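Working notes for the structure below.
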Amino acid sequence: MGCCSGRSVLMFFCALQLITAVERQLFDFLGYQWAPILVNFLHVIVVILGLFGTVQYKPCYVVLYIVWTVFWVTWNVFICCLYLDLGGLSKDSDYLSLGLSSYRSWWKDNGPGCENRNLQTTRWQHLESPALVSELGCVLEYQYIEVMHSVLQLFISALGFVFACYVVNIFNEEEDTYLYK
């Protein structure tokens with residue numbers, strides 16, 4: 001695989017990351033989740049810089065993209081753990097809204113295949129427990145949709161990381177050949 005095909009693949013993954021990040025940003029805005037909005041915004045900026053670095057043969061921008069990708073993978077692992085209630089994290093916490101609002105994931109109220117969630121107050125889950133039935137079954141619960149978004153981001157980022165490392169290596173090899181001619 002030559003430099004041009006490696007660059008093309010990296011540009012493809014950068015474009016794919018931009019598309020999925022903007023889609024994710026939209027749903028984070030709808031859910032008033034301020035921490036993901038901020039991180040997604042930074043992600044879009046760094047991915048654009050990585051794309052610029054790939055097109056303009058600027059390895060420093062591609063290295064910035066590589067470093068950011070490590071953070072981005074960590075962020076998405078955190079999101080997965082949060083929504084799956086792993087590691088002492090809870091999807092009912094207000095980490096993502098930074099404590100500024102009581103909103104949660106947009107998908108919680110608008111999930112695919114969810115029926116009317118506003119049930120009458122006289123319907124209880126169990127007679128011995130006064131917990132109100134707050135939702136009916138959905139085709140896919142909201143936390144799994146959020147986890148799928150993060151896993152998709154993890155997958156694309158991991159491939160982008162590999163190709164970015166490859167492109168930086170190619171840039172460095174080309175620079176070395178020019179120095180010794």
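Quick reminder: no glycine exception, Cβ is built from N, Cα and C everywhere.
Distant neighbours of the signal peptide (1-21): 40, 43-44, 47-48, 50-51, 54-55, 62, 65, 149, 152-153, 156-157, 159-160, 163-164, 166-167, 170-171, 174; these residues of the same chain sit at least 6 beyond its ends, with a Cβ under 8 Å from one of its Cβ atoms. Residues or ranges marked as signal peptide by TrEMBL: 1-21.
Long-range Cβ contacts of the transmembrane segment (34-55) within its own chain (Cβ-Cβ under 8 Å, at least 6 residues beyond either end) map to 7, 10-11, 14-15, 17-18, 21-22, 24-25, 28, 61-62, 64-65, 68, 72, 75, 79, 95-98, 100-101, 160, 164, 167. Residues or ranges marked as transmembrane segment in TrEMBL: 34-55 (among others).
Proximity of distant same-chain residues to the transmembrane segment (62-86), defined by a Cβ-Cβ separation under 8 Å and at least 6 residues beyond the stretch ends, is recorded for 10, 14, 36, 39, 42-43, 46-47, 49-50, 53-54, 93, 95-96, 105, 143-144, 146-147, 149-151, 153-154, 157-158, 160-161, 164-165, 167-168, 171. According to TrEMBL, the transmembrane segment annotation covers 62-86 (among others).
What TrEMBL records for 151-171 (among others) is transmembrane segment.
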